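Per Swiss-Prot, peptide binding site is recorded for Gln178, Leu179, Glu180, Pro304, Tyr305, Gly306, Gly307, Met308, Glu309, and the stated evidence type is similarity to another entry. What Swiss-Prot records for His333, His337, Glu356 is Zn(2+) binding site, and it gives sequence analysis as the kind of evidence. Under the heading active site, proton acceptor, Swiss-Prot lists Glu334. Swiss-Prot lists Tyr422 with the feature active site, proton donor.
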Amino acid sequence: MLFNFYNKTSAACKSLPAKALSNVRYFQTSPISRKMPLPPVLESRRPKESPEFDYSTLSNYKSFKVKHSQLDVSVDFKKKTISGSVSYEIEKVKKDENTIKLDTSYLKISKVKVDDEDDVKFKLLERKHPLGAQLIVSPSSLPEIFHLCLQFSTTADCTALQWLDEHQTSGKPYVFSQLEAIHARSLFTCFDTPSVKSTYLANIKSELPVVFSGIQTGYDDSTKVYSFKQEVPIPAYLIGIASGDLASADIGPRSKVYVEPYRLKDAQWEFDGDVEKFITTAEDIIFKYEWGTYDILVNPNSYPYGGMESPNMTFATPTLIAHDKSNIDVIAHELAHSWSGNLVTNCSWDHFWLNEGWTVYLERRITGAIHGEATRHFSSLIGWNDLEGSISAMQNPERFSCLVQNLKDGTDPDNAFSTVPYEKGSNLLFYLENLLGGKEVFDPFIKHYFTKFARQSLDTWQFLDALFEFFHDKREILESVDWQTWLFTPGMPPKPKLITDLADDVYALANKWIASAQKFTEREQFEKEFSIKDISEFSSNQIVLLLDTLVQGGMPEKDTFKWSNYPEASEIFTDIYEDKISKSQNAEVIFRNYRLQVKSHITSSYPELAEWLGTVGRMKFVRPGYRLLNEVDRELAIKTFHRFRDSYHPICKSLVKQDLGI
């Protein structure tokens, strides 16, 4: 059957369908006309060309325009492979270029075809970590516009996919992809850079339902082939494929949720009604949603991220299902990517903040518009705490806590991944909003920016040029910004002025507990002073801030206070607030409760945290969870990791190994 399928799909090597090509829309970056140069600190660092070259790809992508792409693949759960062909319609930019250099990583390449030339010569160079193995295609001739087709198969070393057996799911095998940042090259041969965007068609054969980063156009029950289209040009890292025992339900007029059947009712309840509200609010802030549908795939427990912004089909962690809608702001984040990241994209991972900083900023604008400005500021407070924790835990903060990164030496972008581009980036935009005159002044720039760079990839200097160009009448204000600190200096950024209405009661309660821990010696004293009523009206996010503030020693932070000196007080805290904290089903609360207990050296919590780490795959919890265990019981941390390592995504597994030094 697989051989017959290959015969069927290899027809894509002959030519791409005329119908598909009629939908092709290619947008090339337009040069920006600058009336005046930027301040010297920015001009001195300006790259020779914009968008800046992407050093995280081995391809010669600057020589070509990819106008359309097509995937024709088969999912084989027994062999744990995805195989088939990828076809490109390409236009030469450099007329004298006669070889095509592509990205691969742990792929088998069986055949290459250019137009009517079968069995084109190709050479797969030796793999060099982390960028993979360069594929050099050498056709006898290369016309100005040509079709390239490559037949391939993934291997057991593939870093783009996680295969789950029946015992890791509700009973049937499952596979999902995670391609950001440079793992698309491990799924299919490509120009694996966010600088290259194209439209896509996909035909995917699988014995189980399939979802893809596009709109489904058909399903052939006789061949088990699912067909999709993506008419908005996207880079390879945004491709998303998943297949498994999936059911779906409506959660809005243009949205569905896909999930394993046993979770369908809970997932539908969690998201129903809120997604459309997010979409319409985002449309008011930016402009009309361009992708048609917005669906959500809730993956099994091992999914490593909170979400991945695959167009039309957000991939999400099951930790969002908190049974109280308290974590659905993650969906506001992934939805915001429909504009920042997916429509307007960083040209390389050095400028990742253009994706994530804008997205966090827009996410909080969306939730602030729905729930009030105080909610927006409160989310920023929690984000600030996350940023402090992320930077303090970094092994190389001097390098990786700068907003604009430097990965030109071939460093793995995954190693640079942190909350810095998210929180430092969003804080910069929030700072600019207030500096320039507030939302009323800044909002027209939002629409201008996303209109100007729609369907393009850009670098930080293009953002800055657009900013200075738009606010030409406020140049003196923009020149007063400490750009060196914001963009190029490691460490925390300047702290924003935030509305603390929702935080003040939290800070007061945290400080009261810390004072009492140092004063009280008997449980009865605590029980007289505190009760569950203290937090009965707190939202989950307020409880998160309470636990964060307790761990950091109060507000303002007291470095001299250590919970390890007051373990009894910590245990009493957990007992008094059991119904809202210990019994919570919100992973954000669960993790922070374990962190408080571990920091308090409550040894009974160590094996409990270890067991919990076997039930989640989200790196936001897994990585700091293992670091916590490693601080207090290295043997247990390593033993736990070896016990659960096969349940983690390859990216997660690799990074935890680094964290533990094994």
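Keep in mind that glycine also has a Cβ here, set from the backbone N, Cα and C atoms.
This view paints the features noted in Swiss-Prot onto the structure.
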| residue | record | DSSP class |
| --- | --- | --- |
| Gln178 | peptide binding site | coil |
| Tyr305 | peptide binding site | coil |
| His333 | Zn(2+) binding site | helix |
| Glu356 | Zn(2+) binding site | helix |
| Tyr422 | active site, proton donor | helix |
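A 10 Å radius around the C-alpha of His337 (Zn(2+) binding site) takes in none of the recorded positions listed as Gln178, Glu180, Tyr305, Tyr422. Between the two most distant C-alpha atoms of the annotated peptide binders (Gln178, Leu179, Glu180, Pro304, Tyr305, Gly306, Gly307, Met308, Glu309) there are 14 Å.
The C-beta environment of Tyr422 (active site, proton donor), restricted to residues of the same chain at least 6 apart in sequence and closer than 8 Å, consists of Trp353, Glu356, Gly357, Thr359, Val360, Gly383, Leu387.
Each residue in Gly307, Glu309, Glu334, Ala336, Ser340, Gly341, Asn355, Trp358, Thr359, Val360, Leu362, Glu363, Tyr422 lies on the same chain as His333, His337, Glu356 and has a C-beta within 8 Å of the C-beta centroid of that Zn(2+) site, without being one of the site residues. Its Cβ taken as reference, Gly307 (peptide binding site) is surrounded by 22 other Cβ atoms within 10 Å in the chains shown. Taking His333 (Zn(2+) binding site) as the reference point, the binding-site residues whose C-alpha atoms are within 10 Å of its C-alpha, out of Gln178, Glu180, Tyr305, Glu309, are Glu309. When the alpha carbons of Gly307 (peptide binding site) and Glu334 (active site, proton acceptor) are compared, the span between them is 7 angstrom.
Glu309 (peptide binding site) sits 5 Å from the residue listed as 'active site, proton acceptor', counting Cα to Cα. All chains included, 25 other C-beta atoms sit within 10 angstroms of the C-beta of the residue listed as 'active site, proton acceptor'. Counting only the Cα atoms, the space from Glu180 (peptide binding site) to Glu334 (active site, proton acceptor) is about 14 angstrom.
Between Gln178 (peptide binding site) and the residue listed as 'active site, proton acceptor', the C-alpha separation comes to 15 Å. On a Cα basis, the residue listed as 'active site, proton acceptor' lies 11 Å away from Tyr305 (peptide binding site).
A sphere of 10 angstroms centred on the C-beta of Glu180 (peptide binding site) encloses 27 other C-beta atoms. Every protein chain considered, the tally of other Cβ atoms within 10 Å of the Cβ of Tyr305 (peptide binding site) stands at 22.
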